[in-house]
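Please read the structure below before turning to the comments.
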Amino acid sequence: MGIKDWPEGEGPRDKLLQKGAAYLSDAELLAVLLRNGLAGLNAVDLARSLISEFGGLRNLLCAPKNQVCRLPGVGPVKYAQLQAAAELARRVAQENLQRGQVLTNPDLTRDYLMRQLTDRSYEVFAILLLDSQHRVIQFVELFRGTIDSASVYPREVVSLVLEKKAAAVIVCHNHPSGIAEPSQADRRITERLKNALATIDVSLLDHMVVGDREIVSFAERGWIN
């Protein structure tokens, strides 16, 4: 039975309008984005099958286009709708960390970085630029791809810091594997960046590694002195 044949008020869109999005399951929310299913599967059933196929919403949103679009009932249009929803969530998170906001709450920073980086299927190295009062200047994604000590260039970081007149920075990157534990390469990158920034009297406050549901802070581990 298609969703249009369900009793009035029972479809996911009706439920969202009547009760709010928080009352919908993951499959129902996804069905609202998908809008329709295919022969033999309504939108909710299709949503459930996609979540099951990829092992969760995060994996679905991180999956490359070719992996998503090869499945019955999902083409470029539906893939674009899902990616647009994911990007909107990132931009809402970015608005929560506005220019000029003072970073006095570590949980706010963690939540922001989680929303920015957890749903990427590739590695991203980014920098949060702060002024002398630790107010936000800008969040910038610097490098994408395989992040190792050879692919992160301290001179580019220093150049950006000078351009934006930052007094302190927090660097971060994600592990698409979902495991946030830093590697030895991560520690080498951090040391090189700390030394490079010290030459221009800019403090490296932290390096945060973002996993699936956790963030590892170098500062909390005592790895940044």
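Note that Cβ sites are derived from N, Cα and C of the backbone, with glycine treated the same way.
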Of the residue ranges 5-18, 173-186, the one that Swiss-Prot records as motif 'JAMM motif': 173-186
Excluding near sequence neighbours, so keeping only residues 6 or more apart in the same chain, what lies with its CB under 8 A of HIS175 (Zn(2+) binding site)? GLU123, GLU181, VAL209, VAL210, GLY211
Other CB atoms, at most 10 A from the CB of HIS173 (Zn(2+) binding site): 25
